[in-house]
Amino acid sequence: MRTAHAHHPLLLPLPTLGVGTTSLSAGPAQAAARDLPGRGERKAGGARRVQFVMGLFGKTQEKPPKELVNEWSLKIRKEMRVVDRQIRDIQREEEKVKRSVKDAAKKGQKDVCVVLAKEMIRSRKAVSKLYASKAHMNSVLMGMKNQLAVLRVAGSLQKSTEVMKAMQSLVKIPEIQATMRELSKEMMKAGIIEEMLEDTFESMDDQEEMEEEAEMEIDRILFEITAGALGKAPSKVTDALPEPEPSGAMAASDEEEEEEALEAMQSRLATLRS
């Protein structure tokens, strides 16, 4: 006996719109929406990005004071070796300049001697500053040793006027300026030194001082290098240089080569001082 509702049209199963079902309304847009990451995935990705950024900007554990002091000392010693190399390079170039001055004096090239003497003045001033910077770095190293002693007793780093004065001088030395600025910021953060104001007029003052001392220094250096070939050390460069040695007229090509050599030497010295 057949049931009355077996083929009733109202009881037929309705189509369901699940995965893989196509209909007029389920087009490419709906398929693309299924491929997008869910809200939970987006939140997780955002959290990871936030954690990464926080790790970059100071959410890391600070180093112990003793480790900081040891790192600063290592950096200072490394920069001292850099300064030593710089001094040796400048002094080697100065020896070349001395030989050039002697050659120019023998040829009676007074103008060339004066130019080279000025280069030697600048080089010697640069070396003097580098030696002074080494003394300041030694002061900082002594300050770091004192900080370790204080740390063992008091358990914390202390403010140091001596270290601050030394760092104020070191941040003005072009050869080590970048490292010294970095160290100064770290020391300020640790409370050893206070914020420093840079002297922006130092280079201008040095240039004026160079012009004032140039005349006297040029005379002294020329007399020193030529071993009295200029007669006696004058108050100004007014004495005539010795007559050129009788070796024939100098060719124009030789003069050009000497000018090029002079310019190359000046360029090397300027590079070493910068």
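Each residue, glycine too, has its Cβ placed from N, Cα and C.
Per TrEMBL, the range carrying the annotation region 'Disordered' out of 65-106, 233-274 is 233-274. Note on the coiled coil (197-224): mean pLDDT across this stretch is 61.
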